[in-house]
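Q: So Swiss-Prot has the following annotated:
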type     : residues : note
ACT_SITE : 254      : active site, proton donor
SITE     : 174      : site 'Transition state stabilizer'
């Protein structure tokens, strides 16, 4: 059974505090937007889909008990607080897309004279809660599409890697499972689907320095699921791909530009370079809400920079020399030329065909 990172019922929201994992499983109560902003910014909850879900649900929890005198006051509160939530972690596009969608809904409901203020609030709450259910369904579709693509690619290359039992070995980076989404996962959802099909021989996960999401979170999920899994250091990826017959790399995304350039957790770019050298397919698994057609390329993606302390300390223990300068970008951008395919809930697309394909899907 998948881990539950988000617990929600109308008027109540709790998130599994991921800063405490794997040592302690503790749920943090989110009472409203200010709490939502803090748990996102502090990375108590992380992963682009989960950020959007928790951000929107924190607003739902806040407005649920409120009585609004006018539709205008409700619309203003929705717009102002959603824009504030976007600022918590700006690189992940999912929160921005979800905010824009809900603001558009609020404006449409405001203009609809047949709906009163209570009806407007109810419709808004329903739409927010629907995002939670949709994310889980989308994750499952991503998993199915990704597993199919990887197995088909292996078959085209002449079968599973030498020495395997017909199943595949895959590498993933950072954390993209139930802890990063509403449930099931994106890239880890692909791994999960391979396991459900009986086609997962082994999964390797990187430690993902400096925040160690791979070691703390992905390894935690893999052990929980009892998948055959091995943790490797970020610096071992080249040796791993040379020695272990890895069939594919599959990672998540915080933002995908219209040309396929992909911003993901720092370290993703170098894995893609190494995968290209070793002729290992490199897949990005992401929902359509992670694709930003308004951005032509990766150079336009804002990269969040994190505090030096995340590099210089482990807990309260300093591991770097005092006085050393640090550069700590949370993400890097993998060029589309290094990406084999982008796995979405609506199919797997080559980066070159992404913009046209997604535009047609959105129009339909």
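Cβ atoms here come from the backbone N, Cα and C positions, even for glycine.
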Q: Hey, what's the Cβ neighbour count for residue 174 (site 'Transition state stabilizer') at 10 Å?
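A: Around residue 174 (site 'Transition state stabilizer'), other Cβ atoms within 10 Å: 29.
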Q: Between the residue listed as 'active site, proton donor' and residue 174 (site 'Transition state stabilizer'), how far is it from one CA atom to the other, in Å?
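A: About 11 Å separate the Cα atoms of these two residues.
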Q: Enter the number of other CB atoms within 10 angstroms of the CB of residue 254 (active site, proton donor).
A: 28
